[in-house]
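In Swiss-Prot this protein carries:
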DOMAIN    31-206  domain 'BPL/LPL catalytic'
BINDING   70, 71, 72, 73, 74, 75, 76, 77, 137, 138, 139, 150, 151, 152  substrate binding site
SITE      134  site 'Lowers pKa of active site Cys'
ACT_SITE  168  active site, acyl-thioester intermediate
């Protein structure tokens, strides 16, 4: 199972049921369980990471705030943003946490390069940036040697809710998205490229695609 990856497309979902399903998957997986990547668009929500501080919630208005157990601080999820959750057995892949963070950042950088968008990681703030503007947020959690949570890549969305917070705890952090930089507006195209780059970076030999997932709507 080391080189098998299951990719699940969940469509548009509320945050909490997916969060709960990630926990259940991680708690019940064993050494034979294949790694999975879940691709999803969330309904509008602010999520506070474990390092989140209330003062970074400026004016959340009618958008709910959910406490999450991922790393990092506050961010926004909404339609038009590609969220990818990485349910990977790090021990089996012989990856450290820092290795995984670097792999995910390179995954996004390579994906954007396919659309002639030059981007880079920053040593002081996880994520991926284009000329100082943030295009991808990153937050992970490790349990029993396995990762969950993942990345949020802005593709073709309403960015204005980011003005209601200090994204990832940075006051005035400017956000940008793929469609503004000449890339596709279609999330499905970006998903395909992202999965292709992930398979290349982590050496999966067998990839199975699914639109089904055990995610119960609340």
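Cβ coordinates come from backbone N, Cα and C, glycine included.
Recorded features from Swiss-Prot, shown on the structure.
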residue: 70; record: substrate binding site; DSSP (3 states): coil
residue: 76; record: substrate binding site; DSSP (3 states): strand
residue: 134; record: site 'Lowers pKa of active site Cys'; DSSP (3 states): strand
residue: 139; record: substrate binding site; DSSP (3 states): strand
residue: 151; record: substrate binding site; DSSP (3 states): strand
residue: 168; record: active site, acyl-thioester intermediate; DSSP (3 states): helix
(request) With an 8 Å cut-off on Cβ-Cβ distance and a minimum sequence separation of at least 6, pull the same-chain contacts of residue 76 (substrate binding site), or say none. (result) 44, 45, 46, 47, 63, 161, 162, 164, 165, 167
(request) Restricting to the same chain and to sequence separations of six or more, state which residues have a Cβ under 8 Å from that of residue 70 (substrate binding site). (result) 47, 49, 50, 139, 140, 141, 149
(message) Neighbour count first, Cβ atoms within 10 Å, every protein chain included; then name which of 74, 151 tops the list of binding-site residues.
(response) 74
(request) Restricting to the domain 'BPL/LPL catalytic' (31-206), report the mean pLDDT as a whole number. (result) 95
(request) Name the one residue among 72, 74, 151, 168 whose Cα is closest in three-dimensional space to that of residue 134 (site 'Lowers pKa of active site Cys'); these are the recorded positions. (result) 168
(request) Across all the protein chains here, work out how many other Cβ atoms are within 10 Å of the Cβ of residue 139 (substrate binding site). (result) 23
(message) Sequence gap of 6 or more, Cβ distance under 8 Å: name the residues on the same chain that satisfy this around residue 168 (active site, acyl-thioester intermediate), in order along the sequence.
(response) 72, 73, 74, 75, 125, 126, 127, 134, 137
(request) State the count of C-beta atoms found within 10 angstroms of the C-beta of residue 137 (substrate binding site), not counting that atom itself. (result) 30
(message) Let me make sure I understand the span of the substrate site: among 70, 71, 72, 73, 74, 75, 76, 77, 137, 138, 139, 150, 151, 152, what is the greatest distance between any two Cα atoms, in Å?
(response) 15
